[in-house]
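TrEMBL annotations:
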- Gly113, Gly114, Leu115, Leu116, Arg135: substrate binding site (BINDING)
- Asp136: Mg(2+) binding site (BINDING)
Amino acid sequence: MAAPATTSSYTVDPIAPTVVADLQAVGACGASDALLKLSLPDGYLSAATVPAALATPAALDRVVVARAYTVKIVGAKDEPDTPTFTGQYVDSCPRGAAMVVSVPETAQNAIFGGLLAARARAVGSAALVTNGRVRDVGEISEFDFPVYASGTSIQSAQGRTRVVAVHVPIQIGKATVNPGDVVVADANGVAVIPAARVEEVATLARTLATVDDKCMHDIIHESSSLQAAFAKHRGGAKSAAAAPAPVTTK
């Protein structure tokens, strides 16, 4: 008998379809701009991106918007008083959630590979997001499973790292990720939005993107200078949330 699609006892709330649509339209950069305007904590997971070995056209075009299912990994000999998590973290991932995995910055081994990718697809996980490394890139590509990581490694996790907790607050770089926060991941990188502010962030991000679209139109179709386009569309304009004019690197 085939294994059940998921055996998770953890749950995440669905994201409103309009919010998903807005965040998919603006991507990680747009989400980051809105987080900045709202003075929210740093949600940039700087170590997580599409590894070069997995940078297929499909992977580079993809935008993942999903709730976070968090996983904490430590060095094999770190936190000796903390017991190892029983089971496999991928088996506990709620359907539709992205696995967000914190790994010690010094770890050189992979924490995810072909077998985990196969199981992740089976349980309906949306993606892996981690500051750690992955391996078995051929199998991951074959499964077309979205991965955002710091790179690749040939080393296994055995004897090097271990899972100590799932579905708990974790720290990745400057960002704190809580279970149920919303991940926006694409070829540019990964942003994490606090669960309680996701609708506000999505709405503002779409507003800021609309302003940038107008600037782009004038630059391309009206031969406008960048300064003139900014003055026309960003000058003094406030969002419904009274946010400052948008700032991007475009």
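Note: Cβ is positioned from N, Cα and C throughout, glycine not excepted.
Taking the features listed in TrEMBL, we show where each one sits on the structure.
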residue : record                 : Cβ contacts under 8 Å, 6 or more apart
Gly113  : substrate binding site : Val134, Arg135, Asp136, Glu139, Ile140, Ser156
Gly114  : substrate binding site : Arg135, Asp136, Gly138, Glu139, Ile140, Phe143
Leu115  : substrate binding site : Asp136
Leu116  : substrate binding site : Gln88, Val90
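Around the residue listed as 'Mg(2+) binding site', a 10 Å sphere centred on its CB holds 19 further CB atoms from the protein chains shown.
DSSP assigns Gly114 (substrate binding site) to a helical segment in the three-state reduction. Taking the mean position of the Cβ atoms of Gly113, Gly114, Leu115, Leu116, Arg135 as the substrate site, the remaining residues of that chain whose Cβ falls within 8 Å of it are Ala110, Phe112, Ala117, Ala118, Val134, Asp136, Glu139, Ile140. Spanning the residues Gly113, Gly114, Leu115, Leu116, Arg135 that the record associates with binding substrate, the maximal Cα-Cα distance equals 10 Å.
Other Cβ atoms within 10 Å of the Cβ of Arg135 (substrate binding site), summed over all protein chains shown, number 21.
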